[in-house]
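Written below as structure tokens is the structure these notes are about.
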Amino acid sequence: MASISLSISSPSSITAISNRASINSSTSSNSINLRFCGLRREVLGFSSLKQSCSSTNIRSVRQQYSTKISASSSSNGSANGKGFDYDLVIIGAGVGGHGAALHAVEKGLKTAIIEGDVVGGTCVNRGCVPSKALLAVSGRMRELQNEQHMKAFGLQVSAASYDRQAVADHANNLASKIRNNLTNSMKALGVDILTGYGSVVGPQKVKYGDTVITAKNIIIATGSVPFVPKGVEVDGKTVITSDHALKLETVPDWIAIVGSGYIGLEFSDVYTAFGSEVTFIEALDQLMPGFDPEIGKLAQRVLINPRKIDYHVGVFASKITPAKDGKPVQIELIDAKTKEHKETLEVDAALIATGRAPFTKGLGLENINVETQRGFVPVDERMQVIDKDGKLVPNLYCIGDANGKLMLAHAASAQGISVVEQVTGRDHVLNHLSIPAACFTHPEISFVGYTEPQAREKAQKEGFDISVAKTSFKANTKALAENEGEGLAKLIYRPDNGEILGVHIFGMHAADLIHEASNAIAMGTRIQDIKYAVHAHPTLSEVLDELFKLAHVNANVTSQVKEPVAA
């Protein structure tokens, strides 16, 4: 069947984290309700009007907001705090620090950002940006190699090949371009970019190099580095981390990938497209343990089983020795539970994809009575740092991978923007359950919110029912036109009030499709509202349209939108 809808009863409820926050505006105590596509939500902190939201009203608000941004962005301003060099100093110029800096300048804060390496951090230089360049190539390579797929379009393609160095250059050039864009955007707005490793030397004091500066508020945004387990010897040539793999200095005939999360899956997509054989080594009892189990099973059937990939689950790589003296890379596997030796693998290379560790050493946290937890800086829900006595440290915040709440680049940026909102007088608590995640394999995987087991557990604990709706990409015209009908979208929700608890997608452009769901969760939009939104036909967006329409909300639940959108 192309579409399935099923209901699951549970004696308890699920309470999603609310993203409602009290908004204290210095300009107005009211707010305007803007209505788009039948969805009503208070946004941007404008004052409320009781009349209908006509195009004239919206245009007026946009003009006022545009003027406000232009005025605040014309310069970096001067420090408003008494005796401070800056209103805000950010340690770390990755995606999180960059997002915070731009928003701070928009708010009129005199801002500086300190970077000891290169602007852009992990994401731009050694992570999501260059990896997407490699995946773009691997996706095209995979399509050209699929003779049956090309014949379905009436196309005949001769044997596809690639130039390894040219592919590597593409990734490197993209990273360089994005890095320059980030640097120029901050310079254009007047953000002071200070070079050196930053550390906190006291309350509202930061040191970089031999210079000490003061700031009314400080944000730590130092990111993370690849985590390498004990017993693993990394030589950067035959035993590598993602940092090395992104340079694509070699394409080994046989590579073992330790870990089957986002990083491992994406690199398996790259290496197999370029002709490598891959062996996954996973400590848990199943591959892709971080994904919804149903999505994971389908993804394994499409991304793992047909490709030159085998795997070992429930085992640790207790020792990995690089290739040397004519001997291959040696990997000793032990049982994850009993710790007994199982076997020794000999491969051409090994990629360590076991996650990331916070980069927080040398920050001087001991100077302000702060102690890290497994390397992470402890923070509250507003990203404010907590000292070892459990007290909030005034004027000090930590965002992104360094706090460990959600190790995604866009989460770091959202946290940074949230902090700037707070220090400029508007309380804001970020709803992390509304932040989407994506794995850029071919096809892609994306999700937001709870997995089905997590939702079931929460429902049983808190006392109400959940329901699940599913639809296949095989029911979507655009997917079929692209000959990409392999895919599934899954919605987990509360039938009693229409709250969206989680959405999981496996299929073509899943990473782009997830945002309709994540924005709905962030804005508190319920199924009974969003199911009336109109989607262009034929587009992949109709996968979500079908999914929401399949959901059955109790008949006595009314829509939040009681007034029609202006004609």
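Cβ from N, Cα, C; glycine included.
Nobody curates TrEMBL annotations by hand; they come from automatic prediction.
Annotation comment: TrEMBL describes HIS537 as active site, proton acceptor. The annotation FAD binding site is assigned in TrEMBL to LYS132, GLY198, THR222, GLY223, SER224, ASP401, MET407, LEU408, ALA409, HIS410. As annotated by TrEMBL, NAD(+) binding site applies to GLY259, SER260, GLY261, TYR262, ILE263, GLY264, LEU265, GLU266, GLU282, GLY355. Residues or ranges marked as disulfide bond in TrEMBL: CYS123-CYS128. Annotation source TrEMBL lists domain 'FAD/NAD(P)-binding' at 86-416. Under the heading domain 'Pyridine nucleotide-disulphide oxidoreductase dimerisation', TrEMBL lists 435-546.
Feature annotations (TrEMBL) mapped to structure.
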residue : record                       : CB count, 10 Å
CYS123  : disulfide bond               : 25
CYS128  : disulfide bond               : 18
LYS132  : FAD binding site             : 15
THR222  : FAD binding site             : 31
GLY259  : NAD(+) binding site          : 23
ILE263  : NAD(+) binding site          : 23
LEU265  : NAD(+) binding site          : 24
GLU282  : NAD(+) binding site          : 24
ALA409  : FAD binding site             : 23
HIS537  : active site, proton acceptor : 10
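Taking every pair among LYS132, GLY198, THR222, GLY223, SER224, ASP401, MET407, LEU408, ALA409, HIS410, the residues listed as contacting FAD, the largest Cα to Cα separation comes to 30 Å. A mean pLDDT of 97 is what the model gives for the domain 'Pyridine nucleotide-disulphide oxidoreductase dimerisation' (435-546). The Cβ neighbour count for SER224 (FAD binding site), using a 10 Å radius over every protein chain in view, is 23. A simple way to gauge crowding: the CB of MET407 (FAD binding site) has 21 other CB atoms within 10 angstroms, across all the protein chains here. Taking Cβ-Cβ distances under 8 Å and a sequence separation of 6 or more, the neighbours of GLY261 (NAD(+) binding site) in its chain are MET288, PRO289, GLY290, ALA353, GLY355.
Rounded to a whole number, the C-alpha distance linking THR222 (FAD binding site) with CYS123 (disulfide bond) is 12 angstrom. Each residue contributes its Cα atom, and for GLU282 (NAD(+) binding site) and LYS132 (FAD binding site) those atoms are 24 Å apart. For MET407 (FAD binding site) paired with CYS123 (disulfide bond), the C-alpha to C-alpha distance reads 11 Å. Neighbours of CYS128 (disulfide bond) among the recorded positions SER224, GLY259, LEU265, HIS537, defined as a Cα within 10 Å of its Cα, are absent: none qualifies. Comparing C-alpha positions, LEU265 (NAD(+) binding site) sits nearest to LYS132 among the recorded positions CYS123, LYS132, SER224. Here HIS537 (active site, proton acceptor) is positioned 32 angstrom away from ALA409 (FAD binding site), judged by their C-alpha atoms. Among the recorded positions listed (CYS123, LYS132, SER224, ILE263), LYS132 has its Cα nearest to the Cα of the residue listed as 'active site, proton acceptor'.
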